[in-house]
Amino acid sequence: MMKGAKFSSLLVLFFIFPIAFAQLRVGFYSRSCPQAETIVRNLVRQRFGVDPTVTAALLRMHFHDCFVRGCDASLLIDSTTSEKTAGPNGSVREFDLIDRIKAQLEAACPSTVSCADIVTLATRDSVLLAGGPSYSIPTGRRDGRISNNVDVALPGPTISVSGAVSFFTNKGLNTFDAVALLGAHTVGQGNCGLFSDRITNFQGTGRPDPSMNPALVTSLRNTCRNSATAALDQSTPLRFDNQFFKQIRKRRGVLQVDQRLASDPQTRGIVARYANNNAFFKRQFVRAMVKMGAVDVLTGRNGEIRRNCRRFN
């Protein structure tokens with residue numbers, strides 16, 4: 001993407017999230033910690049070289065953080081009642097990677113780079129490593145001082161399309177954004193328990209979900225006999241591309257909500273456009289990620305810059 005295009009996209013987004021973007025900016029740490037983004041990038045690259053599923057893990061962490069109290073790193077807090085202990089967050093991982101990044105940043109620039117920005121930047125860098133788009137994202141978020149598991153209300157895999165879209169639009173995103181962000185399942189992994197009924201006893205019928213391709217039913221049964229998880233994109237599971245959309249159009253969606261995207265009148269046209277144009281999908285994904293990264297952020301004097309991402313100062 002050309003620099004001019006990046007600027008134009010950010011300009012459009014400014015008018016969508018005027019308050020947040022007034023204090024978030026690309027290169028926020030260029031003077032206070034000029035090596036910040038390089039430190040994040042290098043540690044994410046090292047981790048990706050060991051385990052390429054880090055992209056899926058960081059995307060999940062970022063989504064689950066931003067959609068509860070905003071992108072404020074409240075998900076990272078360790079306590080018996082924090083967001084981290086809520087059921088939907090039981091599968092979130094790579095907290096140790098965030099700790100390692102934070103430790104290096106504290107050594108280089110004490111009390112300067114927020115944990116919220118670390119999660120945002122690390123996610124961006126991991127997407128590129130998986131073959132996704134390269135993009136600039138504004139920084140300047142501050143860390144929240146509240147983290148309660150009772151605040152976690154995230155959609156599950158059986159949610160309706162209208163329910164899923166409403167979840168995103170309630171945060172200022174649109175239907176194109178919602179489908180693009182769900183397209184991150186192109187590198188996702190799902191616990192077999194999230195779709196076991198679809199391959200064995202759908203809605204008590206004793207049969208698999210008729211909307212699932214029979215060959216996929218057989219493949220997932222075999223996978224789940226030997227593993228607790230399965231790739232949500234059975235074509236290119238570690239590659240960030242539009243194959244996920246091609247798969248769900250062939251009735252090869254693993255999660256029920258994913259499969260519904262391809263048939264619901266509200267989203268099937270968008271799915272088709274993303275399936276037919278990988279570059280278009282990636283452009284829309286960038287727009288959606290930048291918008292999501294500005295949801296209910298803390299800036300200025302609000303919040304804090306944690307010294308340890310797992311604890312409030």
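Each residue, glycine too, has its Cβ placed from N, Cα and C.
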Whichever of Cys33, Cys66, Cys71 is disulfide-bonded to Cys109 when TrEMBL is consulted: Cys33
Per TrEMBL, the disulfide partner of Cys309, chosen from Cys115, Cys192, Cys224: Cys115
Cα separation, Asp65 (Ca(2+) 1 binding site) to Thr236 (Ca(2+) 2 binding site) (Å, whole number): 26
From recorded positions Cys33, His185, Cys309, the one whose Cα lies nearest Gly70 (Ca(2+) 1 binding site): Cys309
Cα proximity to Cys115 (disulfide bond), best match among binding-site residues Ser74, Glu83, Thr186, Asp241: Ser74
Spatial neighbours of Asp241 (Ca(2+) 2 binding site) among the recorded positions Arg60, His64, Asp65, Val68, Asp72, Glu83 [C-alpha, 10 Å]: none
Integer Cα-Cα distance in angstrom, Glu83 (Ca(2+) 1 binding site) to His185 (heme b binding site): 22
Among Cys66, Pro155, His185, Cys224, which are recorded as recorded positions, the nearest neighbour of Cys109 (disulfide bond) by Cα: Cys66
